[in-house]
Amino acid sequence: MSSAQTKTEHGHTDHNYLNHGSGIWSWMTTLDHKRIGLMYFATVSTLFLIGGFFALGIRLHLAKFGATPLLEPDTYNKFMTFHGAIMVFMVIIPGIPAFLGNFVLPIQLGAKDVAFPRLNLASYYIFIAGAAIAASSMIFNQVDTGWTFYTPYSTAKTSNGVILLVLGAFTMGFSSILTGLNFIVTTHKLRAPGMTMDRIPLMIWALYSTSIIQILATPILAITLLLIGAEKTLGVGIFDPDLGGDPVLFQHFFWFYSHPAVYIMILPAMGVISELITAFSKKTIFGYRAIAYSSVAIAAVSFLVWGHHMFVSGQSTLAGLVFSIITMFVGVPTAIKLFNWISTMYRGTVTFEAPMLFALGFMFLFTIGGLTGVFLASTGMDVHFHDTYFVVAHFHYVMVGGTLMALMGGIFYWFPKMFGKMTSDLGGRISWVLIFTGFNVTFFPQFVLGAMGMPRRYFDYLPEYTNLNQISTVGSWLIGLGFLVGLITIIHGILKGEKASDNPWGAKTLEWQTSSPPPHENFTTTPTVTAGPYDFR
Amino acid sequence: MTSVSSSSEFHHQHHFKSADHQYASSKQGIWLFLCTEILMFGGLFVGYLIYHSLYPTVFKNGSETLDWKMGAVNTVVLLISSFTMAAAINYVQRGLHKIAAIMLALTIACAGAFMVIKYFEYSHKFHVGTVPGKFSLVDPSCAAGGKRAECESKISALLKNPAELEKNHVSAEEVTRLKAVISQPKWEMFYGFYFVMTGLHGVHVVAGAFLIFWVFIKTLRRKVGPEYYTPVEGVGLFWHVVDLVWIYLFPLLYLVG
């Protein structure tokens, strides 16, 4: 208990942030970071269901080879585009930072709120506006470019729906920047007395590094997307080879954001995992500083590796070589984290509640994703694997196996704090088994398919790929079922969950030192911190 | 910025320890936001550098068709506006609301003047036909058909027609320059960058003018003063960045040939 000498009055559970104001209007206009976090939760979950619908559609279509397709080729391309764009821009990027981060960050710092609560609410509405603009492209003018909007197809050939999708992504980028800015200032300025930078929880270090990437990378995406819009409306030829522009410049610009964006997705997940591993090992984390600084190191390296998306774009051999080597550097801080987590569990009192299962799932899947990343970072192998299902499997292992596992683990872990109730542990475990199994059944065959040469993004394939594709499709249903069980468990928990104690997991970080759910201002008295965040023994 | 400490009685938001604390946090937030603005323009500057090195003649000839006098006047206008903005912050800090409001109004006037001059530059280019990218010098009636070569010859014909040129205020010298541009392959690139860069900057000028108007109202209503002037200073910083971007755009587009 030394992490915080709080004088929280635990009796005050009758008044908390959930009943601080009532009615839908009090939620819509709330400045409370916890409520804004939950609003993101609801929004992102809804978008996740839509993105998942497209994913199941794609997989169902691919279950059958040859004629009588479920989806027309054109429709298939649109499904693929919306699946990618929704999942990347609207689910995985905002998922952990905007939802869990918003909820947890100020409490973990011992602050009453984020530095700019009004800006925080504004970012939420900007996000909603962006999602609405992007979604309107589904109604008015569907897009078939893939979520990467590669030029010159996106600027010179396809429909004007791209403008809407791009504008939506631009707007959501704005929201991402403002959230990141808010987190950085909050971390710098609103730490509780005694909460020095080497005492902040690792979740905060992860969110802090993420915010730095958000601030530095998102503006480049913004200008890139604006340029696509300008090309389509005004005919500016910066990416259009007919006018002297260069489509490869688009790739440079796009990946200069979108590669760091991969770490916007995964760093917060790593933060969540650090919290889960310590809490369920009941042990001081091994190598606090190493984990903290490795987050910053990943953020720094993330800006230097975008060229590995362009090994076959015609860039020079030297550039390919340099990007290849720098890309492999990412493995170092990542491995540091992984080894530290394993060392933390070693001789710990490990228990396997649902959140911990998700954490272990993360470690397993992310390791596979990371190791196959080394294959793809090697220029020679990348030429073979380029644009095959190997790549698809790789980034799904990293982004879904990594981020969504951590997101689910984080939800089950912080659920008692959010709602003051427990979820059914059995429900969580069943959800985990289904997602974890389904995930491997879906994506492991895709490594094989990719190595056999099945190209990605195609709506049909050769007959020899049929079996593995069918296995993959069955796996996708298991994943869908797993998330459905997870959703039911969460809704059941909200409605009928048992009452949670203030610290059901026996964790040491500050959010567990206040009541569940926390009062409107997080703590009844500002906590004073006297030791590190994970002082178990 | 030293006078804040005397403001302990000023109301600050509940999650800050003091007004000083709130002020420092707000300022950090504004600076971080300005970093993103500079990075966004940075993308365009990088693109400009790349294409300038690929097509140096296009960018040289293109920049000669711009009216550097108008650009220079605009630079002076923006510099003056930065001065009046800085003065406004100073007067607000000293509690001189009236003169602060005058200074803010002057800043807005400068923003307006800038946009008016920009309007004349833009409309002239629309008349001549040097609009961005694939629509450049293309008669709208034949743009749909996509017969670009044919349309370009129409433009050459237009350039030969003195009456038409007279109407659009095109001098003989400008005709020579325009022809020099059109003679280069990929000449559309220059106007692409010109319109995107100045256009995005123009949007920022307009946004800045609205923000200044917002603090102008605050100043008139005495919502800001010696004890609390964060919005004025924040908007001022934004305005200085808008000015700064122009300070780079002007030589890059108008002078470096």
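A Cβ is built for glycine as well, from the same backbone N, Cα and C atoms used for every other residue.
Source: prediction; values computed, not measured.
What TrEMBL says about this protein:
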- A:19-530: domain 'Cytochrome oxidase subunit I profile' (DOMAIN)
- A:38-62: transmembrane segment (TRANSMEM)
- A:82-107: transmembrane segment (TRANSMEM)
- A:119-141: transmembrane segment (TRANSMEM)
- A:161-185: transmembrane segment (TRANSMEM)
- A:205-229: transmembrane segment (TRANSMEM)
- A:249-273: transmembrane segment (TRANSMEM)
- A:285-306: transmembrane segment (TRANSMEM)
- A:318-336: transmembrane segment (TRANSMEM)
- A:357-377: transmembrane segment (TRANSMEM)
- A:389-415: transmembrane segment (TRANSMEM)
- A:427-454: transmembrane segment (TRANSMEM)
- A:474-495: transmembrane segment (TRANSMEM)
- A:514-537: region 'Disordered' (REGION)
Can you tell me which recorded stretch out of A:38-62, A:161-185, A:249-273, A:285-306, A:389-415 has the most Cβ pairs within less than 8 Å of the transmembrane segment (A:357-377)?
A:389-415
Checked against DSSP, the composition of the region 'Disordered' (A:514-537) is 0 helix, 1 strand, 23 coil
Honestly, do the transmembrane segment (A:161-185) and the transmembrane segment (A:82-107) touch, with at least three Cβ pairs under 8 Å and pairs 6 or more apart in sequence?
yes
With CB pairs under 8 Å as the measure, which of the listed stretches A:38-62, A:119-141, A:318-336 comes out on top against the transmembrane segment (A:82-107)?
A:38-62
Recorded stretch, among A:38-62, A:205-229, A:318-336, maximising Cβ pairs under 8 Å relative to the transmembrane segment (A:119-141):
A:38-62
